[in-house]
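Here is what Swiss-Prot records for this protein:
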BINDING   H204, H312  substrate binding site
BINDING   D224, D235, E432  divalent metal cation 1 binding site
BINDING   D235, H304, E337, E432  divalent metal cation 2 binding site
COMPBIAS  37-51  compositional bias 'Acidic residues'
COMPBIAS  60-73  compositional bias 'Basic residues'
REGION    1-101  region 'Disordered'
Amino acid sequence: MAAKVADDVANLKLDDSNTKPASGAAENGDKPTGDAEHEDSDDDNEAEEGAPEAGEGAAKKKKKRKPRKKKKAGAAGAGGAKTQTAPPRVRIDEVFPNDSYPEGEIQEYVNENAYRTTNEEKRHLDRMNNDFLTEYRKGAEIHREVRQWAQKWIKPGMGLTEIAEGIEDSVRALTGHQGLGNGDAQIAGMGFPTGLSINHCAAHYTPNAGNKMVVNYEDVMKVDFGVHINGRIVDSAFTLTFDPVYDNLVNACKAATNAGIKEAGIDVRMSDIGAAIQEVMESYEVEIKGEMLPVKCIRNLNGHSIGHYTIHGGKTVPIVKGGDQTKMEEGETFAIETFGSTGKGYVRDDMETSHYAMKADAPKVALRVSSAKTLLNSITKNFGTLPFCRRYLDRMGHDKYLLGLNNLVSAGIVEAYPPLCDIKGSYTAQSEHTFVLRPTCKEVLSRGDDY
């Protein structure tokens, strides 16, 4: 049969006068590329279907193909999902249209809690927790996308206000809630203001209006921000440096935080977690300007439990040994954050206050300053017990509010959180993750490829 086919092919003759090249490239003897062949497939099929008319090919012209349009950033992909932009501006529920967000890092319980991994009753309880876990995972995915962009975007010489607003605008864009209407910021958005604490300042620093500070190449900057979805707060922080001389300081905090998370679990005592953290942290040292310095835990800073709309839920997780014998419990959410320092390892209040939060158990007292009443009404509607900063009040159009704000603080209704600093000339670093104690495992919600 093969011989017959060969003979038939040999007898075939092409009428060159009636045959026209498909394209200019073919006329010139050039071979089409693989992509061109792929794109031409539809046209080839059309040509085959219209075979009777092909004999009149000399009289007819082939249709010109329209060039394919390139997809824009943020355009819909497979299944209607969009891709994220830089800076992040596509709502996260458009990137994950089915509301199915990635799980955090799963860590199994060990020792006396190992049975929880396979226990059927615990697995049933775990399946019942999907609703609130979806909200946590959504917030965690927003945190990951924003911080991964921020780590590439932040450069020496940038102003702190520009950095803070860049992060916060991205979080608000991804949640789809700008926080300008009454109550909008309580649906989703910032879990607390973006902390940008530099060098000896360890925590609670964000720029107020008019701040001219910039981050320099030789600085060590802690970037700490939270994302919340319906009051489920994901709290995570990293330390940003440009000079590799500080790598050991940064790595000490990362390793200590991971040790704390590994030790944590249902019925584990806080003191045991603190001991595990301190052992790892203080095994590091860092050489700065020719001097070898030990890395110390900042002993009066702690991790904490996280409540609904409450960043500090009542339990503290120490980062040094001894002390608190309180146990962790099933279903609780914690932020383990560790701070390392080349200074004294002890912080105090310093610099201008920027962070505030209304107390959950705020007393009902008569306010003598009229601006305090107006401000309290706005804080209650827009933030509730979520922390806020002065820039947020400026953004909402409040003017000349400082007297009223100080009145709310002195009345015990609002708590002020001043920056926390070690001795000048020292360097501090931070690492933090949020995790939930599920019935069958620990889920490190904020874990990402970056840290």
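Cβ from N, Cα, C; glycine included.
Features per Swiss-Prot, on structure.
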residue : record                               : Cβ neighbours (10 Å)
H204    : substrate binding site               : 26
D224    : divalent metal cation 1 binding site : 23
D235    : divalent metal cation 1 binding site : 28
H304    : divalent metal cation 2 binding site : 19
H312    : substrate binding site               : 19
E337    : divalent metal cation 2 binding site : 27
E432    : divalent metal cation 1 binding site : 22
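Within 10 Å of H312 (substrate binding site), as judged by C-alpha distances, the binding-site residues found are H304; the full candidate list was D224, H304, E337, E432. Proximity to E337 (divalent metal cation 2 binding site), defined by a C-alpha to C-alpha distance within 10 angstroms, is shown by the following binding-site residues from H204, D235, E432: D235, E432. Cα to Cα, H204 (substrate binding site) and D224 (divalent metal cation 1 binding site) are separated by 9 Å.
Cβ atoms within 8 Å of the centroid of the Cβ atoms of D235, H304, E337, E432 (the divalent metal cation 2 site) belong to the same-chain residues D224, S236, A237, G303, F334, A335, I336, H433, T434, site residues excluded.
A straight line from the CA of H304 (divalent metal cation 2 binding site) to the CA of E432 (divalent metal cation 1 binding site) spans 11 Å. For the divalent metal cation 1 site, the Cβ centre of D224, D235, E432 serves as reference, and the other residues of the chain with Cβ at most 8 Å from it are G195, F225, G226, S236, A237, A335, E337, Q430, T434.
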